[in-house]
Each structure stands twice: as C-alpha cells, then as structure tokens.
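Taken straight from Swiss-Prot:
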- Gly162, Gly163, Ala164, Gly165, Val166, Gly167, Lys168, Thr169: ATP binding site (BINDING)
Amino acid sequence: MTISVQNKNVGRITQIIGPVLDITFSAGKVPNIYNALVVTGKTPSGDEIRVTCEVQQLLGDNCVRAVSMNATDGLMRGLEVIDTGTALTVPVGEATLGRIFNVLGETVDNLGTVGNKQGLPIHRPAPAFVDLDTKLSIFETGIKVVDLLAPYRRGGKIGLFGGAGVGKTVLIMELINNIAKAHGGVSVFGGVGERTREGNDLYMEMKESKVINAENLSESKVALVYGQMNEPPGARMRVALTALTMAEYFRDVNKQDVLLFIDNIFRFVQAGSEVSALLGRMPSAVGYQPTLASEMGGLQERITSTKDGSITSIQAVYVPADDLTDPAPATTFAHLDATTVLSRGLAAKGIYPAVDPLDSTSTMLQPWIVSKEHYECAQNVKQTLQRYKELQDIIAILGLDELAEEDRLLVARARKIERFLSQPFFVAEVFTGAPGKYVSLTETIKGFNLILSGEVDSLPEQAFYMAGTADDVLAQAEALSK
C-alpha cells in the first residue's frame, strides 16, 4: 500500500498492549474507523519498522485504538504513525491468480510483486437488493454424490465438515479444477488461522495437479490468501475479507462465477473474539464477542449471486468439542445452504470422495427447485442406503443368507450405489493413474436410476467402483469378465 507523502496525517503511539495500539493525532485530524495506519521508524538496533494496523475505536481526546496486522515486536511509545486515509487496500484481477498473499495483499511466495496496480478496499457494502439474482439454481460440480444428494446453490454457502485425512484438500482442489473447466470460473482460497504447513502442502499439491501453473501463472485457476495460526489476531480476523474482496472483483468486473474457499470459518470467529477482548468489550455467551452475529453477517452477506456473476462459498467448519450448539458453529449454520460431511468410515473403505450420503444435506433438494426425476432418484438412493445401514447389524450377527430375498436384493443394490458414489478425480490422477471424470447431472441421475430399477443387478459390484457414468460401469464389467 503506497502512502502519499504530501499532506500526510501523522500521529504518535501512546500505548501498546500486545497487538493493540493507542495512537494520538492532532486535533481535527483523527482517522476514520477502519482506516489503515502505518507505523514507521527504526528499532534500537537500527532495523526498519513497518507495521500496518486498522482503526477499531475512537477513544476521544484525538486518540484512536487500532489493531495491528503484523507482530508488534520492537514498537515503542512515541513512534510515528501515518494515516493512509483509506481502508486496507489489496490487489485484484488476473494478476492475483497463482500467487499467495497475506492479509495486506503483499505477496509471500518469493515471486516478486504483483504486476497490476489495481486495488480495492477490503471493507465494502454487500450488493444492493436490486442487483441480487433471486433465481434459485443448482451449481453443477461434476461430482456425483454432491450433485445428486446435496446439491450446491449458485451463489450459496456450503459447510464442509471433516477431520484430518478424509480427503478435504483433494475435494477442494477438484472443485477448483471443475469450476474452471465447466464454468470458466476462477477460485480464491482463504486460509484463515490454520496451520502454515497445511497452507504450504496445499500450494505444492496445487502446483503438482496443475491447478496452479508454475510455468505460466496466468493459466492458474486460483489465488491464495493466507493468514495462518501464528499471525496476530487482527490478521486472522481480516484475511477472509481480503480473499472475499479478490473474489468480488472477479464477480463484479469480470462477470465470472467464482468459488471462494474459507478454511476455517471458525478461526475467523475465534480471531474476532480475541480482538474483542483486547479492545475491552464485555464478552457474550461462552466468552465470544458481543458482535459475533453482525461480524459473521457482514462477511456472509457479501457472498452472493448478482445479475453479473456469482460467488459460491465453501467453508470448512471446525466444531469445538463436537458441540453443535457452540455460538460459533451455530451462527455459521444460519447462513449455510448445504452441508457436505466427509466420513472416515467411507475413507477407510477406499470410497472417495468420502462424502457421507446420509449426513450431507442441502436446502436445494426440493421438487420445485430440482427436477422431479432428480428429487425422486435422490430420495430412493437415500432410502436404499438407510435401509442397508439398518440391516448391517443383522448381517454382522446372522450373515447375509439369513435375510429375506427382498432385503438381500436391496443390500446388493445399496452396495452398488455406495461404490457408484465414488469417482476418479482429475487432481488425483497423479496418485491413482485413473483419468478423472466430470459427470453431468443428467448422466448421474441416469446411472443411479439404472441401479435402482434393477437393470444392472447382474453386474459385479467391482464394476461400479471408481466409475464415472453408467457407460463406464458397463465397460469395467466387460473388462472384469475377460
């Protein structure tokens, strides 16, 4: 962020409490709330100081309280603070693709600065009601289990639940790949308060799977914005807004469909709670900030479809102590249109993507939104899988042969459905050696209807595993019979 030297408004630090700074300005020159301030000077050892902070409170007597976006080590009372006159401004546009940024929009991938000079402030109003696209439409992902049983809404918000090692990263990368190929869209990934190692692993895997093209960055499909666990709470609280601002540019100016990933939305709330306590606000339920609902709403309301394009957001949700009534996840749930739950049991069986077909939900799976055929097919698949789940205890004790003929047939079909819900991914080709498949919704419904109707009862279970469409199943069955 460049600062105009002429007419610069300069204040002085009067108090430092961890990441919170109190700064006094001249009378009549107090900066506005959310203005970015830059602390400049030198440490006693002669090192250059450049710390950016954001105004949070006006204390009176020409004094403001600001939260730092960088570590405050080495700062002293009396240091100069320059008011930039605007909110934090971050780079936007095609030049951001394939790059990694921090909360301030500075690149952290050692590939130099961003070429374009275009920037937008991170604090912006949500789109006006008249600009919103109110039509309910499905966002096709090309992933069978998602499109059939828990479809995503175009411009909606999806919660992604899953522990470590169940395939969250691979699912995210496949979605990024598919939106670029099928919708001509781009993605923005916001790493909010998660492990630095995970951020690095994701970047390396994206380069390996060509989601980021290291040779030609302009062909990359994603921009990455990281504010990881070791960052001050101010950075973790604002990094989601930095990522969202980059996504808004692609939606509003380039008129594209954008996928915005936030990993993890709980850390956004957690950082807000830390900042709230540092600012001296009275804590609310379970120690969270009293402004929890409005902070969450301020972020979520900007994620929407307009008449120009859409931002569809997929948010990993950490549930503290598995307590769904905790104010952080409970506030998040109010904004979600769908949930995608990853199951360790399915991952253990080798069924990937390990999306739980019974636990995952979507408000879009209604007969007046999706087609009647889609709705009936999804309900029949769920009923079959639910009945199979109920019969598993009986099978474990008595064996399959003790079941009634009708139940034996249902179990056989359920096992085929379970395997047909798996699918080879483009981004996993390097690991599996199997070519990835994008399966349209029409093909998905056709394939599951064939299983439910009994037309493919004679085919072996193995033919359905890692098959894309019904034609792939027939081809695999033929190969197995040889």
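Using the three backbone atoms N, Cα and C, a Cβ is placed for every residue, glycine included.
Feature map: Swiss-Prot annotations on the structure.
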| residue | record | Cβ neighbours (10 Å) |
| --- | --- | --- |
| Gly162 | ATP binding site | 20 |
| Gly163 | ATP binding site | 11 |
| Ala164 | ATP binding site | 7 |
| Gly165 | ATP binding site | 11 |
| Val166 | ATP binding site | 23 |
| Gly167 | ATP binding site | 20 |
| Lys168 | ATP binding site | 21 |
| Thr169 | ATP binding site | 16 |
### Query
What other residues of this chain sit with their CB within 8 A of the center of the CB atoms of Gly162, Gly163, Ala164, Gly165, Val166, Gly167, Lys168, Thr169, the recorded ATP site?
Leu342, Ala347, Ala354
### Secondary structure at Thr169 (ATP binding site), reduced by DSSP to three states
helix
